[in-house]
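**Student:** According to TrEMBL, the protein has these features:
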- 1-58: region 'Disordered' (REGION)
- 44-58: compositional bias 'Polar residues' (COMPBIAS)
- 66-149: domain 'GDP/GTP exchange factor Sec2 N-terminal' (DOMAIN)
- 67-151: coiled coil (COILED)
- 156-172: compositional bias 'Polar residues' (COMPBIAS)
- 156-191: region 'Disordered' (REGION)
Amino acid sequence: SQVSFEEESQNPPAVGHWKPLMPSKGDKEEPEGGCQDAGGVDEPQSTEQLNVSRLRSSSVEIREKGSEFLRDELHKAQKELKLKDKECERLSKVREQLEQELEELTASLFEEAHKMVREANTKQAAAEKQLREARGKIDMLQAEVTALKTLVITSTPSSPNRELHPQLQSPSKAGFRKGHGRNKSTSSAMVSAASQNVAPESVSRECKEVDSILFAEFQAWKESPTLDKSCSFLDRIYREDVGPCLDFTKQELSELVRVAVEQNTLTIEPVASQTVPVGKVAAEECGGPKKCALSGLPRTCKHRIMLGDSGNYYYISPSCRARITAVCNFFTYIRYIQQGLVRQDVELMYWEVMRLRREMSLAKLGFYPSEM
């Protein structure tokens, strides 16, 4: 090593006394006791000094070369250390940068996660609120539908609900709006059975028997209810009840009334007590308060009808109104059956249809309640 080499260079080797070289053969031939000159005595000493100087010069040369080699190695080591220090510094900076980026990324991820959680909680709260509101609306609508179904089912032509049909109330309670009240045929057709029966009787006291042919036709129609009059059930009723009941003196107007009843576009209104201007009566209405437009007979007309949205009004007598109302009652009930609003036994529905047919027959024969 460099330390040991320097120690050796600082401590020069000890120089001992060198023995003179062995005498050569020529020297042996010389006599030992011969005379010697002055130069022969100093020759061994000069040789010894020359050897010592040579050794010293070689040690100095070795020391210089060793020092130069060590200096070069030291310079190389220092350069390598500087490069390693720079590399370590660079790696340290890279590590610090990565750690900072990792911390920033972690913080941003946590912030984003918290933001998503807050948004999810807000959306969940809003969704739960909308769900509660929707359930409340659904419950309210279901209650309304149930109430309407109950009212519709309980308000049959045989026993109409007067709260649903103000036109069935007395004129003093019903009143008029702008001179008259407007009611569609589906509403005006629901007149109580008691008001149409001349001599009302309790159903329980009547003796009745099911006609097998009529009941079979009704059952076949009930399996697939339709308003097409080509089926045997409606064809019979058209021929025996609807047609004769709507057969008035004015044939052309009678046909228009029948079509309007079938299409559910007929409107029956009570006549206002106020006097209508003569010009308006002549331009828009047929008949008059004292003449029926369907029969052509002079009668006191308390109601008038309008066919669709034509805007033309026709005065009708109480008898004609009873006939039209009876037919409207029948069509209203079979429409209820077709729409699935009537939840009764087939036989009960059959007897209700028969009762409505009887009402049409009585109206055709001229029977109507005094309230008409």
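A Cβ is built for glycine as well, from the same backbone N, Cα and C atoms used for every other residue.
Any idea what these are sitting next to in the structure?
**Tutor:** Across the domain 'GDP/GTP exchange factor Sec2 N-terminal' (66-149), DSSP classifies residues as 84 helix, 0 strand, 0 coil.
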**Student:** Which numbers of helix, strand and coil residues does DSSP report for the compositional bias 'Polar residues' (44-58)?
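**Tutor:** Helix/strand/coil tally for the compositional bias 'Polar residues' (44-58): 15 helix, 0 strand, 0 coil.
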